[in-house]
Every structure is written in structure tokens, then in C-alpha cells.
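Step one of this worksheet: look at the structure below.
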Amino acid sequence: MNQSNASMTVIGAGSYGTALAITLARNGHQVVLWGHDPKHVATLERDRCNVAFLPDVPFPDTLRLESDLATALAASRNILVVVPSHVFGEVLRQIKPLMRPDARLVWATKGLEAETGRLLQDVAREALGDDIPLAVISGPTFAKELAAGLPTAISLASTDETFADDLQELLHCGKSFRVYSNPDFIGVQLGGAVKNVIAIGAGMSDGIGFGANARTALITRGLTEMSRLGAALGADPTTFMGMAGLGDLVLTCTDNQSRNRRFGMMLGQGMDVQSAQDKIGQVVEGYRNTKEVRELAHRFGVEMPITEEIYQVLYCGKNAREAALTLLGRARKDERSRH
């Protein structure tokens, strides 16, 4: 592989970052995958697969592993960041002085900035400046299915039309991976954060034993909360009927591959928050996202009762069943109400 002519450098060698790197390489592109732990990267190189997360998917020959950040960033102008949302800003500040002058950045991170609840576009602008083209990809994607080449579709939004076109061409594969462009940069980002929260609620509902009717009602009203918050932030409401909204919401709320859903199920069954997190064994993005989405909703004066009750369970010690009964006991109202 040419050391400075890769199609994409992927920052983050977890399950999703690895799956996206494999997908790009399988599309015939030269790809560099960087991980922060040199020992982990050495293991990936030795095994030519991610044994911990994707043991049955060998790396294509065009996928190169790299533990030196400067070398990885010099390899391509296109940088795909796939790290947890709570370290997103830190990672961008780390890569800023090492990026090429012509660099363009896209992220697959879902969530908001820890503590502040800011959109990741604002974090990126603060860290990288106003000139670099930015993009985000989001949608219903479990890493194992994506890496296995099973049919998957996502949304792509960018601040730069040329970058959006280039990314769509790089990622799109007619056999298995559809990439839909969407001009709504805010909406595509927001959907991925809110769905994590609602997925915890769906898991709680199933853990309590409420059944399919309750789960479906929660998903539907969760979509209403997502759309309500999006409208307050200036997003296009139709975005939330697409891959980054409804698509990701349904997937995460209904399939046990979702860590957020499994986490919620444990809470619904009576397990405490810390024990449930420990049992999952990986980052549960929805735990932090709940606090961040609630903060954002308060800032913009948006009522989000499901999010509020999930927050009460996660951070205030409220019982999951009690939270569900609080929601069921709310006053009657028009389904189309903004409250």
C-alpha cells in the first residue's frame, strides 16, 4: 500500500470502526485503521481479524493497521472518526496538529458532547476550525452484520457537497451497503443520540415484562420526542422518518445486539445501574446520552417525558417500573400535542 495515498484513515479500532474499515477495504479502497492501544493493534495485525469483536471476518488485503497516529493521518486526506462520544473532542484535539492541510473529516460517532450536550458539529468546529469540510454518517448498523456484508443502509450529511459526493462513492456498495445523502446535518447527528436513550427505555419495558404493545408505544412516542427536539434545533422533521431517525430507533429498540437495549432490560429486571454496565462490558452510549439529551431539551425548553423518566432511573435511583407507571399516569392529551 502507498503510505500516503489511502482512500480513508479510520480512527478507532473498536467493533464499529473495524467494521467500517473492512467495508471500505472490501469496496476496493486502500484503508488505514488506527487504534490507540499498540498492543491491540499488534494483535489485529497478527490475527488479521478483530478476534474480540468480529472473530469470523478476516481483514481484506487492502486494510493496513497502524498504531502511530501521525503515520495514520499522513496516509489519507479523508479521516473517519469512530470513537465514543465522551472522548470525541479529546480525539479531535489530538489529531488536529497531525492532519494534512487538505484533510476532510467524517464521523460515525453517535451522541452529544459529555456534560454540555453540544452537537458534535460544534465540538468539531471548535477543535478543528471553520475551514475543514465535515460530515457525519448515521443509521441502523450493527457492526457484526455490516462486517459480514449483510445488507445495510445509512444516512450521510455534510457541510460540503463535494465531500458528501466523494464519501457516498467511497462507502456505497450496490451489493450490500446503501448510503443515502441528506442535507440535514443537525437531524442526522441528533437521531443517533436520542435513539440510544429510547432504546434503554424499550429495554426497561421488556425487562419489566410489559410486552410488544408497550414497546411499540414507547418507540412511537420516543420518535415524537426525537422529532420535537430536532425541530427546536432547526432540523428537518422528515429526517427522523429516515435511516438516522426511525431506522436506527427501531433497530436499537428491538434487537438484543443493542447494548443500550440489553442494559435497559437488566434495569427492568431489577439490576442496579453499575451492575448492568459491568455485565455489558462495553460502553453503553445511552447512559451518558440520556444526561446530555435531557440537558439539551432543558436548554431549548422541549418537554421529553420518556427521556426524563429514563434519567430518573439512571441518575436518581428511581425504580424502572415506577418510572413506567409515571409515564402511563400522565394526563390525557392530543397525540399531536407538542407536550
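Each residue, glycine too, has its Cβ placed from N, Cα and C.
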Given that Swiss-Prot lists Ser15, Tyr16, His36, Lys110, Ala143, Val283, Glu285 as binding NADPH, which residue among Arg64, Arg259, Arg261, Arg262 does it place in the same site? Arg259
Taking Lys175, Lys195, Lys291 as the options, which does Swiss-Prot list with Lys110, Gly139, Thr141, Asp248, Ser258, Arg259, Asn260 at the sn-glycerol 3-phosphate site? Lys195
Measuring Cα to Cα, how many angstrom lie between Tyr16 (NADPH binding site) and Thr141 (sn-glycerol 3-phosphate binding site)? 9
Entries of Gly139, Thr141, Asp248, Asn260 which, being binding-site residues, have CA atoms within 10 angstroms of Glu285 (NADPH binding site): Asn260
Thr141 (sn-glycerol 3-phosphate binding site) versus His36 (NADPH binding site) - Cα distance in angstrom: 23
Can you tell which of the binding-site residues Ser15, Lys110, Arg259, Val283 lies nearest to Gly139 (sn-glycerol 3-phosphate binding site) in space, using Cα positions? Lys110
Taking the Cβ of Val283 (NADPH binding site) as the reference point, list residues of the same chain whose Cβ is under 8 angstroms away and which are at least six residues distant in sequence. Pro84, Arg259
